[in-house]
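**Student:** Straight out of TrEMBL:
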type: DOMAIN; residues: 80-120; note: domain 'Laminin EGF-like'
type: DOMAIN; residues: 126-161; note: domain 'Laminin EGF-like'
Amino acid sequence: VHGTTVGKVCVCDRHWSTAACDVPCPRNATTNEICSGHGTCNWGEKSAGDCTCDPPGRPEYFGPTCAVKCIAAEKCTAAPYNMLHPQCNRATGDCECQRDANGYWDGPRCDVCLIGYWGSDCADECQCNDHGGCDKDTGACVCFSDAQRGFYTGQNCEVCAA
């Protein structure tokens, strides 16, 4: 145990976590640095001992130990990617389409709305009850009408047609 008992609670030593203070903060296997030197460990008796990579919100490093470097957005927008709305994959550091509150993009170049979103910035969620897509410009539902996905009608694709 890596902590001190205060009453009935274990107060963890620095860089140890969980109620039993038995989980260490993640370290880089090569450098042995906590969170690879690119993050902060969430330690303490009420924490899981995971890393928050720096800077919070838009970190340059990802992964459980903050060891995966993100490909810069500038690289994602250049050849061979040529992406219009890229973000970094948090597990691999590779380019992928942006999918957050700033827009939900899809396609090889991240230039079309992900199914279920619409608007000039692809940030508006379709109201089609998961039974259709929606017009990219107006948000009007285009209901599924095939044997694989089903047959739906109604303003919000809320009526089963078959």
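Heads up, the Cβ atoms here are built off N, Cα and C, so glycines get one too.
Heads up, TrEMBL stuff is auto-annotated, nobody curated it.
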**Student:** Averaging the per-residue pLDDT over the domain 'Laminin EGF-like' (126-161), what integer do you get?
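**Tutor:** A mean pLDDT of 93 is what the predicted model shows over the domain 'Laminin EGF-like' (126-161).
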**Student:** Helix, strand, coil: count each for the residues of the domain 'Laminin EGF-like' (80-120), based on DSSP.
**Tutor:** 0 helix, 16 strand, 25 coil
**Student:** For the domain 'Laminin EGF-like' (126-161), how many residues does DSSP put in helix, in strand and in coil?
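**Tutor:** Looking at the domain 'Laminin EGF-like' (126-161) with DSSP, the answer is 0 helix, 14 strand, 22 coil.
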